[in-house]
Amino acid sequence: MFLTCFESFNFKLLFDKIKRGKNFNFVDKENQTLLTAAASLGFDYFIKYFVSKGADINFSPPQGNNPIESAIINSKFSTFKLLIELGCDINYKNENGLTLIHTSAQSSNVDIIKYLIEEKNFDINLKNERNEYSPLLYAIIHNNYHVVEYLLSKGADYNQICNNLENPFQTAINKADFNILYLFKDLTIDYFPEVILFQAIQTLDENKIKFVIDKVVKNGRKELLNDIDSVLYAIINNLSYSINYLIDNDYFDVNQRDSTGLSALALSSICENTSLIKKLLSKNAIIKTNDLEIVISARKWKIVSLLVDHVSYISEENISLIYGPIYFKQTVLAKKILEKIKIDVNFSKNGEAPIFACIKTKNYEMAKLLIERGADLEITGDNNATPLQVCCIYNSHEILQLLIENHAKLNVIYENEYTPLMVCALSNAYNCIEVLANNKVNLEEKDENGLSAFFIACKNKSIGVMKKLLKYGANINTKSNKGATPLMVAAYANDTNICCYLLKNGADAKIVNDSGKSVLDFINMNKNTEMLGCLLKYRPNDAKVLLPGNFEEINYHYKDFKPQSLKIYDEKEMGEETKLPDVPEVSQIEIGSPVSKFNPDYFK
């Protein structure tokens, strides 16, 4: 209120309020008294008037400034002097323990602090009670260049340390403009903390950083500049000039690493700072395997290539470096790394030789190179799988053909009694089936339960694989050891899609298993009307045999039948991975006595 009246020159309103009984020490809503408001604006006439009317010149509003503080904070030098002449207490301390010299150091008016020091003999190095800050520290914090300059010229202690162990030089680094920091150019600093370089780099001010570096060297503390954490922080923030300055003057050991093993070379590689990488390499920075692994994991392929060019040898324990480029199809880089590995390409780390990585990622070019370099085509990896078997698992058909051309064993039965073709059926690897079929594998080879690849594909609900196998002549009516056919398995599992697909493609519905059951028994068991419709539609002659008594009646009932759920996958759908379903074992569907006659009541 008071301040607003003064600022708007509404003196009539001001005196009206006074006449209505407002005392001269009244505190308004803005925490101002008449004196503090007048002192803030330098209205000396009103100050004299209010004091003559009994206003308390030393009165401080709660959580506010007294008149002389208001004058200092607002740089009103003449008002400041007037208040002292009128009897203001120059030894006043506010609730934070600040004296007038501390407050004046925060003001941009150098005349005020000059008056206190030269006319009133204030201690230039007086610390406040709360945090032991000196006037010099306050002037630096508030970026008062001329006040700092004056205090230093009058002999202020620039090595004085406050209670947070920070001296004025450090404060200037952290909180002041460069011009203030430069005032310390010719001063001898007694104390530099170990983190002095980091403090400078955190400012992200290249001028400050260079100044601090030179200052530390000049004061004989060059060892403080060999700080890996500071350099890493500088790299992250792209402070190239400062980093180069440290490196060019040999202030920093380029092979130093932080507590996690990270080097300047590794981090500059991750940040793709090519010029800095070359600078570090020119200073004989050592490239360790860990550095390459970090950059490979970050997929900085051009940088990896640059680093590999400067590596003379990679030991066999570090062959894992090649896997990243293989997995991400960086074949040129993988070749370059391989040239540095003067070992057998079959060296396996963690159960996997490089050839397996090529297969899993379908990296044909790299697989070809490994084979040319002597990769063992019968080597085993996880679960004792060979490269050919892994091709069948991952549907890596081009590499499968490459393996066959290079005489990999084709007609082999693995430990689980499966042939390569069976593995393809299990893995939905339809492209590999075509490769194997063209290379004349036995399509009817069976496992210990009498299941062929086609039978396995049926259990796996892989219509795409089934189509491929049928295309190359697989027997759709293949039988298990107990006489079950794929059609029976599909009907027992109540899988209408598979059952109808088999019927449409010529599966014989008349066949019975060793227990005398036919597919009709399982249709009957599941009460599947659509499956029955497919039987009548696609295998009517078989249906006549299975339904000798009431075929005509049932067939008439289904004369307009159209399969609703039949889903024949196209070529795109065949490429999708198929999760292995919960399919009953073949032995389960061969228990019980056959149904002698179809019961239409089951379908009501």
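Using N, Cα and C of the backbone, Cβ positions are placed for all residues, glycine too.
What TrEMBL says about this one:
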REPEAT    63-95  repeat 'ANK'
REPEAT    131-163  repeat 'ANK'
REPEAT    350-382  repeat 'ANK'
REPEAT    449-481  repeat 'ANK'
REPEAT    482-514  repeat 'ANK'
Counts by DSSP class (helix H/G/I, strand E/B, coil) across the repeat 'ANK' (449-481): 16 helix, 0 strand, 17 coil
The repeat 'ANK' (131-163): DSSP-derived helix, strand, coil residue counts: 16 helix, 0 strand, 17 coil
Rounded mean pLDDT for the residues that make up the repeat 'ANK' (63-95): 90
Composition by DSSP (helix, strand, coil) of residues within the repeat 'ANK' (63-95): 16 helix, 0 strand, 17 coil
Number of helical, extended and coil residues in the repeat 'ANK' (482-514), per DSSP: 16 helix, 0 strand, 17 coil
